[in-house]
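Visitor: Below you'll find the structure I mean.
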Amino acid sequence: MSNSRNNRVMVEGVGARVVRGPDWKWGKQDGGEGHVGTVRSFESPEEVVVVWDNGTAANYRCSGAYDLRILDSAPTGIKHDGTMCDTCRQQPIIGIRWKCAECTNYDLCTVCYHGDKHHLRHRFYRITTPGSERVLLESRRKSKKITARGIFAGARVVRGVDWQWEDQDGGNGRRGKVTEIQDWSASSPHSAAYVLWDNGAKNLYRVGFEGMSDLKCVQDAKGGSFYRDHCPVLGEQNGNRNPGGLQIGDLVNIDLDLEIVQSLQHGHGGWTDGMFETLTTTGTVCGIDEDHDIVVQYPSGNRWTFNPAVLTKANIVRSGDAAQGAEGGTSQFQVGDLVQVCYDLERIKLLQRGHGEWAEAMLPTLGKVGRVQQIYSDSDLKVEVCGTSWTYNPAAVSKVAPAGSAISNASGERLSQLLKKLFETQESGDLNEELVKAAANGDVAKVEDLLKRPDVDVNGQCAGHTAMQAASQNGHVDILKLLLKQNVDVEAEDKDGDRAVHHAAFGDEGAVIEVLHRGSADLNARNKRRQTPLHIAVNKGHLQVVKTLLDFGCHPSLQDSEGDTPLHDAISKKRDDILAVLLEAGADVTITNNNGFNALHHAALRGNPSAMRVLLSKLPRPWIVDEKKDDGYTALHLAALNNHVEVAELLVHQGNANLDIQNVNQQTALHLAVERQHTQIVRLLVRAGAKLDIQDKDGDTPLHEALRHHTLSQLRQLQDMQDVGKVDAAWEPSKNTLIMGLGTQGAEKKSAASIACFLAANGADLSIRNKKGQSPLDLCPDPSLCKALAKCHKEKVSGQVGSRSPSMISNDSETLEECMVCSDMKRDTLFGPCGHIATCSLCSPRVKKCLICKEQVQSRTKIEECVVCSDKKAAVLFQPCGHMCACENCASLMKKCVQCRAVVERRVPFITCCGGKSSEDPSDEISSGNIPVLQKDKDNTNVNADVQKLQQQLQDIKEQTMCPVCLDRLKNMIFLCGHGTCQLCGDRMSECPICRKAIERRILLY
């Protein structure tokens, strides 16, 4: 039976659109929460292969642990015959069927259900496949919605893993825009995307049909929102799973004492007076939230959220089985007992004869659970069920009894021990238990009364917690003051090693921390995970508690068991406000965690630009930006490796990071960016002045890497076209011709080739050889690309990089002055930020990228007459401000720009801005290629920055080693507080000059 079900899931699941599931532990492989993928195939009943819309393909678990949820199974073609969506009229419903539990015969398809059609207060049954068990869901009004992202209308895409449509897209790497999600076939809805390619072509492509993925998104789009917890888990027979073993529809009781329940409810929905009905009434599990807390509905119609540890599952006990437990008697029902009505229609009709008889209106009660309201003299039962009352034969119902066993789940042992302790305490009636409960509830009078009794232990525990800890977490300051007067142990630990100050940080109780500090509590105390209260406050996002702890002298840089400091945690939680507070308090940015990442590394790895901006703005020492990990990676290496462009820009421009640092493999950040084909990072590093000819441990330069990657991609394309291993030796010449031909087929379309050309155009050496004696050109079998590289390099050497344009710009002044688009009007529009002039004002709005340098056009300024003489048109570009407001004669007299008052460092002639060569000093030219304007000054700027860093580093070393009092002698005496001076100054002092603590002992350094 299990095998047939597994086979069915495997067949029916292929093509389903999925999102991450409840047991997901694979980081951002999918692109992040809400990103969508396609089930490609099943490796086994336990493993499924998914291709995410971002192109990542991997195996995931679908048995035992469940990594995926089904967002839409319509592409699989599963249909529910005889049904119709009552909103969009789809007939039959294909995919998941959503049936209203409160309306008669009302169904929705997946799109309409997640699109909030029908009443949001109504609960629905989810029917995943025809004939499968229907699952009752929480109403959508109370459920969490998240946004789906991936290949939807508006997404930018390239060809994907299953592409087989030749060059419809214009060639590998060409992009297109998804205009609509459509049906590949009538039996497979939502399984294709209609794409308009940049070359003008448009067509329909598979996204889910038979598990195929013709597309990969490079820029995802929103696909509407969906109810995450309502989506079925892929591979699971019953979607209502829960670590506590409870499922939607289960009957549950509360068998614990009121005070214990109230204690366990902290952090799990809390307790209100209206919940007293739950102590004597059996409820039905109607939902399981994202924190695995249980939502229970009661006969009154109320719904309450519970900690799973509070609830006991009620099992069905047949009357015959119960009778065996009695001594020769039959099962005796009592008023208030829960009973389940017999499922068998024919049997119950027979049993009801002479016992109230059978009525067709009783049909909905079959299999339902009700409560005994009255027991008649003939033993017949009056049962309240389904909102009405009926008389039943005792033999037609089964008694429902609570199970006596402990809760069984993954963390069951821990919960069982907790409950056992609670029961033991309950039975003993210990005063310590009453004290803890009173402290937790803020009952000052009761606490005062209990503390007067001689046999109470102020440090006694209940459920592993002391009164001090309970009061701290709940913010009961008055009780804390009472306990402190009784010499309570403020450092007492619970089972997790948490002290009262940890509990206060967890509960966001700044006032409690202040009281504990006055009571001499250790604010740097660590629990069993080596976390300080500051760690906990940062992780919970309690900014005021963080500030309070730091104000009272809490150490800002202690490490937990994983080596993370509060800085690491603030970066992970994306709390820039907390990060800034920690840095202002002197948190150490250089401390590394167990993986070797300091705070800068961590922010670069996470791709968190806002955190990086805060870190760089508050760095105590600028050279920290170049700190290496054990493997030699700096923060810039990590940003380049992971294509975090914004982070890399901050490191380069704000942090002045050294661009040429090498890791243990002697690779620079540029090596890594080229190797991973991260074009934007490559452009950023080259323009910032990264050296292009640094060799790694194999002697390879970035240009070697680019050409090797290009050649390998060409070979892979060749292998897709024919089986290379079977080519006969006689065909060898034609094979070489084919390899060469691939280069001419689309060299400029491939990012590796374009990166290689970009490097060559910016001066990369074509002749440098690696340790195998290979030059970059030796790694390129494509003669067309070799010629292009040589041409780019030659143009760079001859200073004509600007002539690398499709139009082959002539230096003829008339040609340079005419608009490159219409050729009718003269050029009169300045593009920013590149500073080129390529079009007239009429054509400029249509230009998105500069026609000379291919940079994105961010601003367009029409060139007016000279603001000084008003006789001629403005013809000189001022740098660095980028304004053109004066003619050649007037511009030569200016020291500052008349428009913005910025100092003029360079003057660029009009002809140079148009892409031509000026007859003036080359130092005044603006490059028309992809080279920064200030190329000449770059080396001097870098040298000055390096000298400044060294000066600051020397000053920092002096501050650490010199006596802070006299500033003349070396520090060679240390006090017990940790500070120090020189011996001469130290011998004359009675208190530390830094912290003002009394000097108890002086220790000389040797």
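A Cβ is built for glycine as well, from the same backbone N, Cα and C atoms used for every other residue.
Feature list, courtesy of Swiss-Prot:
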ZN_FING   80-132  zinc finger
BINDING   Cys85, Cys88, Cys109, Cys112  Zn(2+) 1 binding site
BINDING   Cys100, Cys103, His118, His122  Zn(2+) 2 binding site
MOD_RES   Ser408  phosphoserine
REPEAT    496-525  repeat 'ANK 3'
REPEAT    529-558  repeat 'ANK 4'
REPEAT    631-661  repeat 'ANK 7'
ZN_FING   819-854  zinc finger
ZN_FING   866-901  zinc finger
COILED    935-962  coiled coil
ZN_FING   963-996  zinc finger
Visitor: Provide the three-state DSSP residue tally for the repeat 'ANK 7' (631-661): helix first, then strand, then coil.
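Guide: Going by DSSP assignments, the repeat 'ANK 7' (631-661) contains 17 helix, 0 strand, 14 coil.
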Visitor: Return the residue, from the listed binding-site residues Cys88, Cys100, with the maximum count of other C-beta atoms within 10 angstroms of its C-beta.
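Guide: By the 10 Å Cβ neighbour count, Cys100 comes out on top.
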Visitor: Using an 8 Å cut-off from the Cβ centroid of Cys85, Cys88, Cys109, Cys112, can you name the remaining same-chain residues around the Zn(2+) 1 site, in sequence order?
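Guide: Those within range, site residues removed, are Asp86, Thr87, Arg89, Gln90, Ile93, Asp107, Leu108, Thr110, Val111, Tyr113, Lys117.
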Visitor: What mean pLDDT score does the repeat 'ANK 7' (631-661) have in the model?
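Guide: Average per-residue pLDDT within the repeat 'ANK 7' (631-661): 91.
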Visitor: Setting Cys100, Cys103, His118, His122 aside, what same-chain residues sit with their Cβ within 8 Å of the center of the Cβ atoms that define the Zn(2+) 2 site, listed in sequence order?
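Guide: For the Zn(2+) 2 site, the extra neighbours are Ala101, Glu102, Tyr106, His119, Phe124.
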Visitor: I need to check the long-range neighbours of the zinc finger (963-996): which residues 6 or more away from its ends have a CB within less than 8 Å of a CB in the stretch?
Guide: 1002-1005
Visitor: In the structure shown, with every protein chain counted, which of the binding-site residues Cys85, Cys103, Cys109, Cys112 has the densest set of Cβ atoms within 10 angstroms of its Cβ?
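Guide: Comparing the binding-site residues Cys85, Cys103, Cys109, Cys112, the most crowded Cβ belongs to Cys109.
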Visitor: Take the Cβ of His118 (Zn(2+) 2 binding site) and count every other Cβ within 10 Å, whichever protein chain it belongs to.
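Guide: 20, counting other Cβ atoms within 10 Å of His118 (Zn(2+) 2 binding site).
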Visitor: What else in the chain is close to the repeat 'ANK 4' (529-558), if you only count residues 6 or more beyond its ends and a Cβ gap under 8 Å?
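Guide: That would be 496-497, 501-502, 504-506, 508-510, 513-514, 517, 523, 564-567, 569-570, 573, 575, 577-578, 581-582, 585-588, 591.
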Visitor: Using only C-alpha positions, which one of Cys100, Cys103, His122 is spatially nearest Cys109 (Zn(2+) 1 binding site)? These are the binding-site residues in the record.
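Guide: That would be Cys100, nearest by Cα distance.
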Visitor: Out of Cys100, Cys103, His118, His122, give those binding-site residues positioned within 10 angstroms of Cys112 (Zn(2+) 1 binding site), comparing C-alpha atoms, in sequence order.
Guide: His118
